[in-house]
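Here is what Swiss-Prot says about this protein:
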- 174: active site (ACT_SITE)
- 249: active site (ACT_SITE)
- 370: active site, nucleophile (ACT_SITE)
- 19-28, 110, 137-138, 213, 251, 364: substrate binding site (BINDING)
């Protein structure tokens, strides 16, 4: 196989808590005000990273961001010492403090959209940090995300970085969670599929209950920035009816790997027409789409959302067959598990299931696919990645010790005003940037 898919998982931050901040994400809303366990959340994520690295997959780590985000609190009128800022925010607007303490950057599928060098006219890997315009607690992530990505992929001969799109609804961009790449080997030109929820200019249909976070206009802008060939680029609208049922990103209803698209029967608007265009464009690259469509009669949209069946990872094994990585919730649901078991026994491309317990992330609405950013790289590009962010035995031990030293095993919203939590977080992140060799990427380090 030419090239590699490298998954960069987000390390859960110290302020991981359940605040119900994400309207349209039903798991997030349902678990509002529950007590969280940041230490367990971080360790569950690390176990997934290490298990996949041990199986021979290329696996990296993306660090959490500084939270509470004191600079934004100051911008919004809170003043005095950092301790005073936190106390004022808790007294006057605890919901605002909660939003500015969110650990949502753990879901690195929303960190950026990435286009491999094989698809870009200049032969470079392109990164555009997502503006995450639809949710305030996420829109503040883009600047630090850009800095972290530049520190990890810092060789301009191989990597091109773009700032997030303008911070307005017209260009609402949720990153790789609404982006699929379909083709053959990772190192060869493929078709990029940008999925959107609404089209600002000339759109026909949009959801009515929950917001469509991604626009077609955002996808088109990223395709231009990344110098993609329109002959191998597809823009597909997600079915607005499933957005209104809690499918807030496309990776909650579909997932791809190489030439395989695993998706629900109701995933896309005018689905047959959309997939026909993907097939035609893949055919020009001598690649054939394998669409695995799950019928509503087997798995309802509600069950897909509850179990995160499609918020899974599909990984290509050395023998060419594929493995699907699902959360424990998929195994606990008899109908979903029955479907998965039949699928892997059917002789198709996916012949193995791997299950992970990601309960802390799942209760906030993020499964295996949410936690990772896919980056397809060739041999030279992989060598140019900052090696200290790549998972191995040594890094796994170091990061677990780091979590043990700094993380709490119980956190509620009231704890967010604790100045000691802020100090713990800054000390932890200062140490982490040394471990991962990132330099000064956080506001408090500037």
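Backbone N, Cα and C define each Cβ position, glycine as well.
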Rounded to the nearest Å - Cα separation of the residue listed as 'active site, nucleophile' and residue 19 (substrate binding site): 18
Other C-beta atoms that fall within 10 angstroms of the C-beta of residue 174 (active site): 29
Residue 251 (substrate binding site): secondary structure state under DSSP, collapsed to three categories: helix
Between residue 174 (active site) and residue 251 (substrate binding site): CA-CA distance (Å): 11
Under 8 Å by Cβ from residue 110 (substrate binding site), same chain, sequence gap 6 or more: 104, 130, 132, 138, 174, 175, 176, 177, 249, 370
Site of maximum Cβ density within 10 Å, from binding-site residues 19, 138, 251: 251
